[in-house]
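Database features, via Swiss-Prot:
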type     : residues                               : note
BINDING  : A91, R92, T93, G94, S95, G96, K97, T98 : ATP binding site
COMPBIAS : 1-14                                   : compositional bias 'Basic residues'
COMPBIAS : 558-568                                : compositional bias 'Acidic residues'
COMPBIAS : 641-653                                : compositional bias 'Basic and acidic residues'
COMPBIAS : 678-688                                : compositional bias 'Basic and acidic residues'
DOMAIN   : 78-252                                 : domain 'Helicase ATP-binding'
DOMAIN   : 266-438                                : domain 'Helicase C-terminal'
REGION   : 1-24                                   : region 'Disordered'
REGION   : 493-526                                : region 'Disordered'
REGION   : 552-576                                : region 'Disordered'
REGION   : 641-735                                : region 'Disordered'
MOTIF    : 47-75                                  : motif 'Q motif'
MOTIF    : 200-203                                : motif 'DEAD box'
Amino acid sequence: MAKPRRNNKNKKGQSRSQAREKEEAELLKLQERIDQYDPAVDEKSISQFSDLPITQETLRGLNESSFMSLTDIQKKTIPIALKGEDLMGTARTGSGKTLAFLIPVVESLIRNKITEHDGLAALIVSPTRELAVQTFEVLTKIGKYNTFSAGLVTGGKDVQYEKERVSRMNILVGTPGRISQHLNEAVGMETSNLQVLVLDEADRCLDMGFKKQIDNIVGHLPPTRQTLLFSATVSDSVKDLARLSLTNPKRIGVSSDQDVSATPESLDQYYIRIPLDEKLDVLWSFIKSHLKSKILVFFSSSKQVQYAYETFRTLQPGISLLKLYGRHKQTSRLETTVKFTQAQYACLFATDIVARGLDFPAIDWVVQVDCPEDAVTYVHRVGRAARFGRQGKSLLMLLPSEEEGMLKRLENNKIEPKFMNIKQKSKKSIRPQLQSLCFKDPMIKNLGQRAFISYYKSVYIQKDKDVFKVEELPSEKYAASLGLPGAPKIKIKGGSSSKEKKNASRQLVALSKTNEDGESVENEASKVRTKYDRMFERKNQNVLSEHYLKLNGSQTKEDEDEEEEDDFMSVKRKDHELTEVELPDLTIPVSKRQAKKALSKKLSISTKGNPTKLKFDDEGVAHAIYELEDEEDFIKRGDAKEQKKAFVSRETEVMNEADEEDKIMAKEKRQEKKRKRKEVEKRMRDEELQSGDDEETVYTLGGDVDLERDMEYSTDEEEQPQNKKPKWFENDKHNRKNPVNHIVEIDEPETLEDLESLTARLLQH
């Protein structure tokens with residue numbers, strides 16, 4: 001019977017080796033197709049995902065997710081990314097950039113035979129939590145037949161839970177802040193085997209203030225990686241990031257530096273000219289006239305979103321209302337995203353957090369209540385509609401002061417929205433209802449005041465002052481349109497921006513509020529001072545001031561001693577007579593030229609010549625500080641342009657060497673920090689194990705009973721089992737109620753003491 005079993009094992013081993021050889025042969029064929037690909041010749045012949053040199057597992061996931069045909073950006077980027085080259089892709093919003101980098105990521109891991117033991121192999125950075133969630137969902141759909149482990153890390157989740165599992169991930173999708181935190185703090189998270197880095201919506205990441213986090217992420221990664229950078233627009237900051245992160249990148253989708261991605265062709269764009277105090281009336285009328293539509297409304301601040309949502313929900317326009325902004329909890333943000341995605345007719349009030357990358361299906365209208373900060377933001381906002389060739393419409397509300405400047409900036413980017421007239425009959429005013437709500441509900445009134453202040457601040461901080469003119473805004477009319485009795489007072493504080501405060505490390509903020517001993521110290525300015533505090537702090541109500549007492553010399557000796565110790569400057573004598581000091585005779589210049597020369601600093605310096613200060617070089621040789629070279633000596637050294645190029649090249653080499661040294665030093669510091677953290681954790685684990693060994697306790701997890709092993713750890717003095725709780729029929733109270741059933745057994749008493757003890761026992765029972 002043993003021989004057939006061996007034959008079966010041999011057959012299984014042969015089948016496994018054959019399957020492995022077949023898989024390697026398929027990968028070699030795919031690699032040959034990738035190497036032979038020529039964009040100029042083969043791009044026209046590719047129209048379906050099945051035409052690409054990708055594995056059957058990835059193709060099966062694409063087909064089941066209904067991804068069949070390729071878009072323009074996918075045709076151009078996927079074959080080049082499969083070759084392993086760095087890529088900088090730019091295309092219109094809604095053109096399929098997500099699949100353009102997810103397919104190369106999955107295929108790169110398959111060709112490199114990455115397993116769960118190889119650690120992190122691909123890193124995808126998204127600017128917002130919603131976009132990261134959407135990217136992760138698409139990744140799980142197309143990669144469901146592969147054996148990679150993928151994880152999603154975003155803000156608003158348990159950091160410790162993520163740290164325990166992030167080291168076992170092959171593909172990691174997340175926001176810049178959380179990924180940077182894990183790279184700095186997570187133990188066991190190695191990036192030496194990383195193959196691909198993807199920066200999705202790179203310009204948005206930089207606009208949101210994540211430059212430091214992205215630089216930190218890039219610094220942790222190996223230089224031999226492949227980097228894919230995708231964005232809907234290209235700015236100077238994105239070009240700088242590409243220059244630092246990419247190596248000889250292929251630029252796809254951008255024909256020139258001045259080219260900016262236009263809006264989709266299937267999008268109908270309109271704008272209206274409207275006063276500030278009529279915006280909410282027009283928005284209400286628009287929603288009432290489009291109840292059978294899916295509408296996305298953009299505001300400039302989260303406070304405006306809250307106010308519009310609460311008031312419109314109370315007035316009940318007849319359509320489902322939703323809100324989405326940055327300071328929501330992560331769970332509620334995901335619920336809102338899912339509800340709006342699945343709804344057929346709904347209206348979502350949102351900030352620019354929704355303007356990038358999110359794919360909401362079948363949006364009919366995009367309404368911009370507040371003017372976007374630039375043409376790039378306009379492109380991303382209206383790009384939520386008319387995605388993947390669908391029809392869509394957009395409406396932009398412009399103030400009379402914003403119309404001319406904003407239209408010029410849109411025309412410069414080849415965007416020409418059509419003007420739309422508003423019929424006065426179709427416009428309905430909701431100002432009386434808003435005033436009634438603010439009068440009845442203090443919460444809505446507070447929201448209105450905060451919305452007013454946040455809108456003015458958003459206009460004030462805009463850089464383009466030709467478009468945004470805060471001095472021309474009618475504050476009283478706008479406050480009345482919100483239902484407020486008057487315009488609130490606005491205090492605009494200077495200092496660091498809100499983005500920097502939001503992205504600042506909470507540990508550093510907490511550390512800044514501690515003293516030298518590490519104890520937290522409350523800020524004196526933030527304390528609330530009551531009228532009693534001010535009453536006890538009053539001074540000089542019935543006595544003369546300290547300064548007057550000092551001048552009159554009516555201080556005591558103790559006060560004078562304290563003054564000498566504590567005061568830095570004090571009055572030492574009073575009403576003293578000044579002694580006349582003989583002043584030197586100043587000769588007045590006779591001529592006007594000498595007088596002018598004496599009064600003019602420039603003329604007086606010209607006669608003194610150059611300064612005679614000496615400067616010593618590294619070898620200790622003294623040189624004059626203004627030691628200049630003659631023109632003849634300069635010409636002998638060669639052409640000025642050639643000297644300039646040589647100087648720039650020398651300094652560039654010096655800076656590159658210094659940069660490499662700084663990177664090596666920073667990397668050593670990070671490794672040393674991580675090593676110390678690992679030592680501390682190892683020491684803590686050893687202490688726990690030692691404490692467990694001292695107690696000499698053995699835990700058996702499964703398996704058969706081992707009596708010899710158990711007897712080795714047994715002791716003579718076993719712990720007595722804990723007394724069980726007496727049952728109801730064993731209770732003393734029950735025994736007292738039934739004294740007949742209780743029998744007391746005793747020996748025959750012989751002495752007087754025995755009789756006394758017997759009497760006591762009988763009395764107890």
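The first residue you see is number 1, and the count goes up from there.
Here the Cβ of each residue, glycine as well, is placed from N, Cα and C on the backbone.
Fair warning: this is a prediction, and the values are worked out from it, not measured in the lab.
Within its own chain, the motif 'DEAD box' (200-203) is flanked in space by residues 97-98, 101, 124-127, 131, 135, 229-235, 237-238, 241-242, 356-357, 376, which lie at least six positions past its ends and keep a Cβ under 8 Å from the stretch. Mapped onto DSSP helix, strand and coil, the motif 'DEAD box' (200-203) counts 2 helix, 1 strand, 1 coil.
The Cβ neighbour count for K97 (ATP binding site), using a 10 Å radius over every protein chain in view, is 25.
The motif 'Q motif' (47-75): residue composition by secondary structure is 16 helix, 2 strand, 11 coil, according to DSSP. Per-residue pLDDT, averaged along the domain 'Helicase C-terminal' (266-438), amounts to 90 for this model. Around the Cβ of S95 (ATP binding site), 22 further Cβ atoms fall within 10 Å across all displayed protein chains. T98 (ATP binding site) carries a helical DSSP state (H, G or I).
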